[in-house]
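Okay, structure first, notes after.
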Amino acid sequence: MSKYLLAIDQGTTSSRAIIFSAQGLPVARAQQEFKQYFPQDGWVEHDGQEIWLSTLKVCREAIASSGLQAEAIAAIGITNQRETTLVWDAASGTPIHLAIVWQDRRTADYCAGLKDAGHEAMVSAKTGLLIDPYFSATKLRWILENVPGARERAQRGELRFGTVDSFLLWRLTGGKVHRTDASNASRTLMFNIHTQQWDQDLLELFDIPASLLPEVLDCAAEFGHAEAELLGASIPVLGMAGDQQAALIGQACFEPGMVKSTYGTGCFMIQNTGDQPVSSKNRLLTTVGYRLGGKVTYAVEGSIFVAGAAVQWLRDGIKLISHARDSEALAEATGEACGVYLVPAFTGLGAPYWDPKARGAIFGLTRDTGIKEIVTAGLQSVCYQTRDLLEAMRQDGAAAPSALRVDGGMVENNWVMQFLADILGVSVERPEVTETTALGVAYLAGLQLGLYPDLQAIASHWHRQQRFEPRMSETHRERLYAGWLDAVKRVRSEG
């Protein structure tokens, strides 16, 4: 009997479920967007109940549309938007506050105070991360400080903390299991990536009770069983990874030096660094790539907060386009030398700048500037930010990759992929299956199930759909990029 794997891909703007065959081919999928809440400048929230209900709905829809019986699903894998923070009642499973999303910057002043007090060196040495509102610890502390009675309830053991994966696992198992995986734990600012444990010094710094925290397992492990009444059968959850680490696996970047870049709401470039953590001198992050059989593979990551979100803003915020797909034709009609630079620092700048107080701007406007130039500049901003990350990796001593493997919704845009190759001066490879985040966590579940004997078996399923080669002259490339660097300098809060 064929084995099928259900991947839950809970993202920043939508929840998706994809059923894969053992060969890594999508059989059925379902997707549902959910509401974004922006209560104040720099604040971004989600409703945990909406996350759960949308996830349950797409799982049921995917199973129904596949024509399979629920019993044919051999295992579930969960991948998720990372860092987003939930705290819920241990008895009812009800969140005590809206989820604070990874993009949220409300703790910027608190983070600045920790840096001024000299704590960043210790935090970075233990976690591989920087002190920044992006990560979970300061979000969790904010909830404990600002929800009436939360800290007292946490100290009494009545509350649970989790990133989205942990919350979904709790709900799927009927509140029986409170676990996460090493890749998600490594993004909280509370997890020591060397000891692979929650760190007491960090918990004391952020004033977090240890009773809130989930158990940390490998990325392929026995996480628990989804209750039969939810999906029609009791299905084991055997894989779990943060979305970017899952994409690293889905892209089969198993050798040190291999690089993938995912283009969703944000953009995330990860380079496999092997069994040793590599510290960046250029404000990139050291993180857990994946942990299998107790063995950690580390990675260096650059995180950009706004990629696809820039196109979403062009569509929904200022309504220059009706559909995201319209952007490709407009860019083709404009060309790469549009003279306009859009810096989408809507919630600050991520790597390598880490400037939470920077704000977005458009430069180079003339009387002739129209919709197509601004839309093109929005697309180009994603590629320029990717170049920023690649430059930081090069300055850290990494060799230029022979190719950049790309995935995520934006990579369907051929114009963006060609401009990306041009501005990087590196070949860009788009795989046949671009849902690599979901595919990666399906592979993890399959690995635990025994469908795949090892990572090499998974790598054999990776196939390239198209390769984009650089066509731009170096002179033109560097002139365009210099204009971008000038634009970024102008929006920096430090000037």
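Numbering starts at 1 and runs along the chain as displayed.
Glycine is no exception: its Cβ is also placed from the backbone N, Cα and C atoms.
Because the structure is a prediction, the values reported are computed rather than measured.
In the three-state DSSP classification, ARG16 (ADP binding site) falls within a strand. Here the Cβ of ARG16 (ADP binding site) has 22 other Cβ atoms within 10 Å, regardless of which shown protein chain they belong to. Residues or ranges marked as ADP binding site in Swiss-Prot: THR12, ARG16, THR265, GLY308, GLY409, ASN413.
Long-range Cβ proximity for THR12 (ADP binding site), meaning a same-chain Cβ under 8 A and a gap of 6 or more residues, is found for GLN81, THR84, VAL101, TRP102, GLN103, GLY264, THR265, GLY266. Annotation source Swiss-Prot lists ATP binding site at THR12, THR13, SER14, THR265, GLY308, GLN312, GLY409, citing sequence analysis.
DSSP assigns GLU83 (sn-glycerol 3-phosphate binding site) to coil in the three-state reduction, outside any helix or strand. Taken from Swiss-Prot, the feature sn-glycerol 3-phosphate binding site covers THR12, ARG82, GLU83, TYR134, ASP243.
Summarising the annotation, Swiss-Prot assigns glycerol binding site to ARG82, GLU83, TYR134, ASP243, GLN244. The number of other Cβ atoms within 10 Å of the Cβ belonging to ASP243 (sn-glycerol 3-phosphate binding site), over all protein chains shown, comes to 30.
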Other residues, Cβ within 8 Å of ARG82, GLU83, TYR134, ASP243, GLN244 Cβ centroid (glycerol site): GLN81, THR84, TRP102, ARG187, GLY242, PHE268, SER303
Residues THR12, ARG82, GLU83, TYR134, ASP243 binding sn-glycerol 3-phosphate per the record - widest CA separation, whole Å: 15
10 Å Cα neighbourhood of GLN244 (glycerol binding site): matching binding-site residues from THR13, ARG82, GLU83, TYR134, GLN312, ASN413: ARG82
GLU83 (sn-glycerol 3-phosphate binding site) to GLY308 (ADP binding site) - Cα separation in whole Å: 18
Least Cβ-crowded entry, counting other Cβ within 10 Å, from the binding-site residues listed as SER14, THR265, ASN413: SER14
Most distant Cα pair in Å, residues ARG82, GLU83, TYR134, ASP243, GLN244 binding glycerol: 15
Cα distance (Å, whole number) from ARG82 (sn-glycerol 3-phosphate binding site) to THR13 (ATP binding site): 13
Set of same-chain residues at least 6 away whose C-beta sits under 8 angstroms from GLY308 (ADP binding site): TYR263, GLY264, THR265, GLY266, ALA324, VAL382, GLY408, GLY409, MET410
